[in-house]
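What Swiss-Prot annotates here:
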BINDING   HIS83, HIS182  heme b b562 binding site
BINDING   HIS97, HIS196  heme b b566 binding site
BINDING   HIS201  ubiquinone binding site
TRANSMEM  33-53  transmembrane segment
TRANSMEM  77-98  transmembrane segment
TRANSMEM  113-133  transmembrane segment
TRANSMEM  178-198  transmembrane segment
TRANSMEM  226-246  transmembrane segment
TRANSMEM  288-308  transmembrane segment
TRANSMEM  320-340  transmembrane segment
TRANSMEM  347-367  transmembrane segment
Amino acid sequence: MTNIRKTHPLMKIINNSFIDLPTPSNISAWWNFGSLLGICLILQILTGLFLAMHYTSDTTTAFSSVTHICRDVNYGWIIRYLHANGASMFFICLYMHVGRGLYYGSYTFTETWNIGIILLFTIMATAFMGYVLPWGQMSFWGATVITNLLSAIPYIGTDLVQWIWGGFSVDKATLTGFFAFHFILPFVVLALAAVHLLFLHETGSNNPSGIMPDSDKIPFHPYYTIKDILGALLLILVLTLLVLFSPDLLGDPDNYIPANPLSTPPHIKPEWYFLFAYAILRSIPNKLGGVLALVLSILILAIVPLLHTSKQRGMMFRPISQCLFWLLVADLLTLTWIGGQPVEHPYITIGQLASILYFMILLVLMPIASIIENNILKW
């Protein structure tokens, strides 16, 4: 009798993607983040669904509906904090996943990489809109500041901003629209993730050595399913500790003040996972220039495959590139710190230097380092 797992049209797809998938035998824990991102996405969709059952997207009741969820709904507080901190875990996994791709040269799978960039933009848009929904001070002013950036677009900017606002300021129409998009986009992300996997399985996974290991592959199950379960348990452990012991650690206290259009908070800043991009935005005095730098800080990933000058794929055997990579990581951490600081003397200069260094490493230093490494090896 033939195995249903290998013959049934639906089971066959699952089997070829998660069970009998030939996988390199040497992939490290850095390859765990794909499955962790899947878990985060499912968790966010489920907790979000239960929150949406009690949330009202109206400016007069949005803030109190979130309070109602935390106080009156059975286990509403844990659902709310799982959703809020789940977003933080999502972005930690995302940045690790992208960092892994940069380090090991996974960007040479251009289709997979480009879908990944689209996914990153979509998730960032979803998270931004989700932050607006509790309708606290930082929600309102964050929405005002970020949507207002579109007014820097020549000719159509002002009309575009008013179209997104649904009026002449951030108000009821904006909140309702953001809720609608925040609800639908995770399902778009789910579909894009399936396409991301589809393209990945066309080529097979990369591995730390960067060499195509067709002669040495093992089935995904049980070897990597058990490894992914360990990663998932660690993720759940960290998330649980965060939710149960310090749920507001990564949030902003200002968001516990209901939105007031007449009172601006002293420091308007986004959630921690956007601070690096926010620092790049603020480091350019010109509005349009800042917006372009903000978009390019992520879009620059799309040209990384074109700037790959090394004869080797990953950085495993390239010490100069490794140093530059970790300098880039340190630079991004510096930008994250700067993004959360007020616009004052030392911070402005540090932010500008860190922004220049960010683009310099990716556009100039890494390609040059690769050429130097090729010459050292006489390739």
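Start at 1 and count along the chain as shown; that gives each residue its number.
Each residue, glycine too, has its Cβ placed from N, Cα and C.
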Which of 77-98, 113-133, 178-198, 226-246, 347-367 shares the most C-beta pairs under 8 angstroms with the transmembrane segment (320-340)?
-> 347-367
May I ask which of the binding-site residues HIS83, HIS97, HIS182 is closest to HIS201 (ubiquinone binding site) if we compare their C-alpha atoms?
-> HIS97
Beyond a gap of at least 6 residues from its ends, the CB atoms lying under 8 Å from the transmembrane segment (113-133) belong to 48, 55, 57, 62, 66, 87, 90-91, 94, 98, 101, 106-107, 139-140, 142-143, 146, 174-175, 178-179, 181-182, 185-186, 188-189, 192-193, 195-196, 199, 270-271, 273-274, 298-299, 301-302, 304-305
What is the Cβ neighbour count of HIS97 (heme b b566 binding site) at a 10 Å cut-off, with all protein chains included?
-> 20
Under 8 Å by Cβ from HIS182 (heme b b562 binding site), counting only residues of that chain that are 6 or more apart | GLY48, THR126, MET129, GLY130, LEU133
Restricting to the same chain and to sequence separations of six or more, state which residues have a Cβ under 8 Å from that of HIS196 (heme b b566 binding site).
-> THR112, ILE115, GLY116, LEU119
Out of HIS83, HIS201, give me whichever of these binding-site residues has the highest number of other Cβ atoms within 10 Å.
-> HIS83
Measuring Cα to Cα, tell me the gap between HIS97 (heme b b566 binding site) and HIS83 (heme b b562 binding site) in whole angstrom.
-> 21
